[in-house]
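A.B. asks: This is the structure I have questions about; it appears just below.
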């Protein structure tokens, strides 16, 4: 008779198993995801702040450098997907001239596997998306929450998809796309595209992939970091979220450049069903290449995820063939920069002496262009969704003379707006706007850059008052009205304002805007906005209209010292 086997206590088995090394399952599969978002026409390398490259040794990004890094990773690693989360369009002269053809050409060369539609892909209307991009790319473009109707439904059918199943290293991976449902307020998609709620549209598409036995699913889209996190939490079956739109920088450890991380990379969201879902973005402007490693078990569950954005600095060489191609395409840009956009029949005063002290007609022209660029008709209750513009006087760097036929070229505008920023859309409470206008004149008379030029706003200052109490009157143009009129600013009301990205990020001391903004959507390149407005108008003649006034007691405050000096100089001359 065999002796009975001694029973080992459960607690001892658990303790021993905890001490044993945890080897990954034999069927575990690893995927490398390379990703970009919000590149905004930065085909050439740029300076560290994404403006024009002035010192090549300090410059970053560009498609020639991106190509080098992507090719290196593809050679070294077996299972690689290269994805873009939208907004390749808009941002530099490249898009102004080529209107998306350059995007299709260089994205094809880079070998992207899929792209989600961003809001800026609609900036030139649906035709400006179909012909340059959708008909020319060699990879799928995705969005599950955009639905076409009417005649457009047939025209655009099959040119973009809700999802795509890709084969990678013997496995299948599903990609579902999404686009900000606010695109009709941010761009020009027309009336025959409906932008549905992202989560409601994604869930049935993910469910469909699940019925096809696709158990590894990436949500790729362009709705901002907050929506990315909600999708990770709410959409059952999504394993990874690759996002864009909010230009979010995530990083684990010490960041390699000046961007401050909004969280660790990847950012882990606990889904409602308990799964841990990695969420990533890669900042913007092609400065970084997102690099995410994900390990799946045989059921498609994420076991681990790790990585970091790769800074594309000068330590990574630019591919010579791509660089030569860029230079060839650039010839047309150089010719364009000297072509006439339109004419002015008045002097466009962009001088420091004017724009940092009082209303200047160059500031009025810029603000009029910014509001015109945001003309939408989203609701019969509103004539437009935004009526207000602010621009820091220090950002206006040059006048344009009406003499010599008053010709305005891209080069002229580059002298006026040399910093290569964007004109963005934010939502602010009235109380924040009031603080901004107090900041505008808190050290008035010192030729500082924070003095605001405006559109859709009437402001009256009394410079004799103490700083931070100098705004006497502040009125804003209504939007929910059939006949626009100026109404007193309400402190608790939320307003939409178009402004330079520099101000949205707290530049010139406008920290209250950065800290208190309720929403921030990136916009179009500053020069492009003004150039397109001038081209549309053909002839411009902006006036000084009384948008900015000073109370009678302080009207001559800025020039008072000069008046006194002139008086005493005259006395000396008379008595010599």
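Heads up, the Cβ atoms here are built off N, Cα and C, so glycines get one too.
Taken from Swiss-Prot, the feature AMP binding site applies to 356, 392, 397, 419, 502, 508. Annotated IMP binding site per Swiss-Prot: 356, 392, 397, 419, 502, 508, in sequence order, evidence recorded as similarity to another entry. Look at Swiss-Prot and you will find 551 tagged as GPI-anchor amidated serine. Sequence annotations record features per position, and here Swiss-Prot assigns signal peptide to 1-28 based on similarity to another entry. Swiss-Prot lists 120, 123 with the feature site 'Transition state stabilizer'.
Help me picture where these features are in the structure shown.
C.D. replies: The local packing around residue 356 (AMP binding site), expressed as other Cβ atoms within 10 Å of its Cβ over all shown chains, amounts to 22. DSSP assigns residue 356 (AMP binding site) to coil in the three-state reduction, outside any helix or strand.
In this view, residue 419 (AMP binding site) is surrounded by 16 other Cβ atoms within 10 Å of its Cβ, with every protein chain counted.
When secondary structure is read from DSSP and collapsed to three states, residue 551 (GPI-anchor amidated serine) falls in the coil class.
Non-local contacts of residue 120 (site 'Transition state stabilizer') by the CB criterion (under 8 A, 6+ apart in sequence, same chain) comprise 40, 86, 87, 88, 89, 90, 186, 187, 524. In the three-state DSSP reading, residue 120 (site 'Transition state stabilizer') counts as helix.
If you take the C-beta of residue 123 (site 'Transition state stabilizer') and look for same-chain residues 6 or more apart in sequence within under 8 angstroms, you find 89, 90, 187, 188, 524.
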A.B. asks: Starting from the AMP site formed by 356, 392, 397, 419, 502, 508, give every other residue of that chain whose CB sits within 8 Å of the mean position of their CB atoms, in sequence order.
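C.D. replies: Same chain, not in 356, 392, 397, 419, 502, 508, Cβ within 8 Å: 391, 393, 394, 395, 396, 449, 500, 507.
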A.B. asks: Among 356, 392, 397, 419, 502, 508, listed as contacts of IMP, what is the widest Cα spread in Å, to the nearest whole number?
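C.D. replies: Between the outermost Cα atoms of 356, 392, 397, 419, 502, 508, the distance is 17 Å.
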A.B. asks: Between residue 551 (GPI-anchor amidated serine) and residue 356 (AMP binding site), how many Å separate their Cα atoms?
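C.D. replies: Cα-Cα, rounded: 17 Å.
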A.B. asks: So which of the recorded positions is most packed in, judged by how many other Cβ atoms lie within 10 Å of its Cβ, out of 392, 551?
C.D. replies: 392
